[in-house]
Amino acid sequence: MDAGPAPAREPRRIRVLVVDDSAVVRNVFQQELSADPGIEVVGTAPDPFAARDLILERAPDVITLDVEMPRMDGITFLHKIMRYRPTPVIVVSSLTPAGGALALEALAAGACDVMCKPGAAYSVGEMTADLVEKVKEAAAAGVRAPAPLPPPDRAATPRALARTTLQVVAIGASTGGTVAIERILAALPPGAPGIVVTQHMPELFTRYFANRLRDRSGLDAREAQGGESVVPGTVLVAPGSRHMLLRRSGARYVVEIKDGPRVNRHRPSVDVMFRSVARAAGPNAIGVILTGMGGDGAQGLRAMRDAGARTVAQDEASCVVYGMPKVAVELGAVERSLPLDRIAPEILRLAGEAGG
């Protein structure tokens, strides 16, 4: 007798370990994550020592990790995870200067994303939507260390750059982007074209990120404010939770900072920035799309290329997550895909051609 087709297997749920010294945060995360049918919380731990045993016993697919904990700090534990049992890690941090600095250090150490603890400025409802999305994206992306890079060489400024203030470089990134952007800017000279950056990152963390870029690159990097001019040697970073657009104002470019709905599930959105650059700067722009999950920025980069801008993508081998550049390449938005350490020289080469 024919028993008919076997019933389809349910998709495997994402196994998550929550590590936080706050019992309240552990309970909230467990409750909110467990409410999603695609996620299973396989354990919670108050410190890295308890977490270590659970990692070995229960093999989580994703770990949420508080960076400020007793007994062993989250950064030290993150290094151990990446060395001995690489696992996608979402760093959870308080909105404080110390927490922001630690979160950026964690991203540099291999964490795939960062988010804020719920509080007065960040409701549990907002946190839940972000947390579930980040867990699913982290599980899909997996963990992958970027290719090792040589120390950056600061390139010489092409002579043509000094003769123009009309050029602008737009850089968009997500997962792995904080390190990639830092490497690019560290290799650019003080006279490089003005740069606008959209990096997917929560509110307030972008301020710490901009400060880190300033300290590490020597360029005048800061979190953008509406009406600021984009001039050579400056780097304006889109503030978290708000979109950044470029517009022409006479002979110069200025940025607009706007609220509004998320685009491609993100605010700030790379697509929003790239599309505005296409309209405002056209052939005077260079667009760069870097490592990151999803497809934000691909359509906007295509709009830039269609408007005459030069476009570059980070190649697969040097990406932490080859998502955003991959979609951009598939859309025909990219002129050249390059290893991370060749992107800064390419920016200067293209700027020199345009200024010559």
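Along the chain as shown, residues are numbered 1 onward.
Backbone N, Cα and C atoms are what each Cβ position is placed from, and that goes for glycine too.
The model shown is predicted, which means the values in this text are computed figures rather than measured ones.
Feature annotation from Swiss-Prot assigns active site to S174 (among others); the stated evidence is sequence analysis. DSSP assigns S174 (active site) to coil in the three-state reduction, outside any helix or strand.
The annotation active site is assigned in Swiss-Prot to H200 (among others). Under the DSSP three-state reduction, H200 (active site) is assigned to coil, being neither helix nor strand.
In the shown protein chains, 30 other C-beta atoms lie within 10 A of the C-beta of D296 (active site). According to Swiss-Prot, the feature active site maps to D296 (among others).
Taken together, the residues in the domain 'Response regulatory' (15-132) have a mean pLDDT of 88 on the 0 to 100 scale. Residues or ranges marked as domain 'Response regulatory' in Swiss-Prot (evidence: sequence analysis): 15-132.
The annotation domain 'CheB-type methylesterase' is assigned in Swiss-Prot to 162-348 on the grounds of sequence analysis.
Long-range C-beta contacts of D66 (4-aspartylphosphate), restricted to its own chain and to partners at least six residues apart, with a cutoff below 8 Å, comprise V19, D20, D21, S22, V25, G74, V92, S93, K117. As annotated by Swiss-Prot, 4-aspartylphosphate applies to D66.
H200 (active site) sits 5 Å from S174 (active site), taking the CA atoms of both as reference points. Taken through DSSP, the domain 'Response regulatory' (15-132) splits into 56 helix, 28 strand, 34 coil. Within 10 Å of the Cβ of H200 (active site) there are 28 other Cβ atoms, across all protein chains.
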